[in-house]
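Q: Sharing a structure below in structure tokens format, with a few things to ask.
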Ligand SMILES: O=C(O)C1=C[C@@H](OP(=O)(O)O)[C@@H](O)[C@H](O)C1
Ligand SMILES: C=C(OP(=O)(O)O)C(=O)O
């Protein structure tokens with residue numbers, strides 16, 4: 001087994017850059033931008049298209065590390081893919097992967113780690129290794145592997161840990177009734193759902209221990225249905241019933257990334273600016289599209305439409321509330337970045353699971369804010385941030401794109417911050433610092 005390696009792909013922003021400096025803005029930031037494609041839509045659509053019968057065309061894909069490694073893995077499995085900028089054509093394999101033995105390196109992409117094993121296990125014949133960065137090796141995987149075992153899969157851990165690397169044999173999945181916990185990651189359930197139509201029999205799934213970020217299951221179900229799957233579920237996504245049947249190729253344009261949009265909306269909130277994200281609408285299954293409601297609660301003037309989101313920042317942000325971020329936990333950190341500038345403390349609750357994301361996000365944001373001089377209270381499932389004056393410091397995002405992006409936001413208001421390893425934004429938004437520059441924010445690198 002090879003050593004795990006870095007997750008930076010050829011689509012990453014320059015590997016030569018070690019530190020980024022974002023200067024405090026001298027005036028409110030105004031702009032209207034388009035954000036890149038959604039990571040969640042891209043990696044689901046790529047994998048389902050590769051499992052489908054026929055050739056799919058997907059427009060508006062995200063070009064970042066996570067999607068690069070997804071395309072790379074599918075190609076290593078023998079899928080014919082042509083990529084033309086943000087458009088890909090994928091000749092589906094019907095789940096009969098042409099290359100019967102391969103090693104797939106998937107960087108730090110939680111989505112691929114949770115969606116690919118089932119997509120391989122459904123195949124008849126073949127044996128593949130799936131591995132990722134050390135960061136991804138350390139993230140939870142066993143609830144998915146246990147549930148796939150229950151459906152008849154042969155999957156082995158290749159290390160001491162119950163995580164990547166995995167060896168997956170193409171034994172087919174027989175179908176049946178299984179349970180999966182939803183409290184650590186919703187992605188285990190999404191991975192089971194995506195594989196289920198290609199099982200030999202009906203699959204019934206019961207979700208136990210609650211479900212974090214349920215809207216991501218909405219994206220999974222929506223795309224599965226668009227590709228022709230027969231899937232039924234109850235209202236709270238705790239029970240699913242999937243009939244066997246082939247996925248059929250589709251021609252579709254994917255949504256832009258609502259999570260990425262939030263950083264630019266938050267920039268307006270912070271700088272008394274005005275920002276329009278032209279290609280993300282409010283009624284998306286991407287939960288982060290509704291983060292604008294939290295910005296409204298903080299005193300921003302907002303416009304939420306089907307096709308765009310607009311935020312105008314107030315004189316002073318409002319605090320003095322607790323917000324349960326379980327439904328859209330990727331933005332818990334963004335609140336952490338805004339809270340020191342509010343007029344009263346803000347508490348983020350119910351996000352214990354983000355300690356198992358790319359970094360222990362609760363500890364990283366709390367330690368960074370403390371380093372900048374802010375009073376924080378860290379709890380197992382969240383944090384309270386107090387308003388305060390900040391001084392510059394060197395901040396380490398711990399190879400986590402969302403930490404780096406929120407450090408960039410704070411830097412637009414505080415002098416003397418340096419962000420280490422800024423290239424980690426490439427996981428979902430390699431163009432993050434370029435976008436800031438385009439908006440007139442001064443960014444330099446070392
Ligand atoms: O299914 C998806 O596309 C995602 C699900 C969420 O993960 P968890 O359910 O593991 O929290 C989210 O944080 C991640 O960015 C994308
Ligand atoms: C949790 C995240 O990523 P992943 O898809 O690797 O789980 C994220 O993008 O915030």
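FYI, residue positions are counted from 1 along the chain as it appears here.
Note: Cβ is positioned from N, Cα and C throughout, glycine not excepted.
According to TrEMBL:
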type	residues	note
ACT_SITE	330	active site, proton acceptor
BINDING	39, 110, 139, 187, 361, 402, 427	phosphoenolpyruvate binding site
BINDING	39, 40, 44, 185, 186, 187, 330, 357	3-phosphoshikimate binding site
DOMAIN	27-436	domain 'Enolpyruvate transferase'
Q: Could you say whether, by DSSP, residue 185 (3-phosphoshikimate binding site) belongs to a helix, a strand or a coil region?
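A: SS state of residue 185 (3-phosphoshikimate binding site) = coil.
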Q: Excluding near sequence neighbours, so keeping only residues 6 or more apart in the same chain, what lies with its CB under 8 A of residue 39 (phosphoenolpyruvate binding site)?
A: 62, 64, 66, 67, 111, 257, 259, 428
Q: Which whole-number value in Å describes the distance between the Cα atoms of residue 40 (3-phosphoshikimate binding site) and residue 361 (phosphoenolpyruvate binding site)?
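A: With the alpha carbons as reference points, the distance is 20 Å.
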Q: Here are the binding-site residues: 40, 186. Which has the lowest count of other Cβ atoms within 10 Å?
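A: Across 40, 186, these binding-site residues, the one with fewest Cβ atoms within 10 Å is 186.
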Q: Around residue 44 (3-phosphoshikimate binding site), how many other C-beta atoms are within 10 angstroms of its C-beta?
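A: For residue 44 (3-phosphoshikimate binding site), the count of other Cβ atoms within 10 Å is 26.
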Q: Excluding near sequence neighbours, so keeping only residues 6 or more apart in the same chain, what lies with its CB under 8 A of residue 357 (3-phosphoshikimate binding site)?
A: 110, 139, 329, 330, 400, 402
Q: What are the sequence-distant neighbours of residue 427 (phosphoenolpyruvate binding site), meaning same chain, six or more residues apart, C-beta distance under 8 angstroms?
A: 7, 64, 65, 66, 107, 108, 109, 358, 401
Q: Scan 185, 187, 402 for binding-site residues whose C-beta lands under 6 Å from an atom of ligand 1 and note them, or write none.
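A: Those binding-site residues that pass the cut-off, since their Cβ is under 6 Å from ligand 1, are 185, 187.
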Q: What whole-number value in Å do you get for the largest C-alpha pair distance within 39, 110, 139, 187, 361, 402, 427, the residues recorded as binding phosphoenolpyruvate?
A: 19
Q: Looking at the domain 'Enolpyruvate transferase' (27-436) alone, can you tell me the average pLDDT?
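A: 98, rounded to a whole number.
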Q: Check the recorded positions 110, 139, 330, 357, 402 for any whose Cβ is under 6 angstroms from an atom of ligand 2, and report them in sequence order.
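A: Going through 110, 139, 330, 357, 402 in sequence order, those close to ligand 2 turn out to be 110, 330, 357, 402.
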Q: For residue 361 (phosphoenolpyruvate binding site), which residues of its chain lie six or more apart in sequence with Cβ-Cβ distance below 8 Å?
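A: Non-local contacts for residue 361 (phosphoenolpyruvate binding site): 332, 333, 351, 354, 355, 400, 402, 403.
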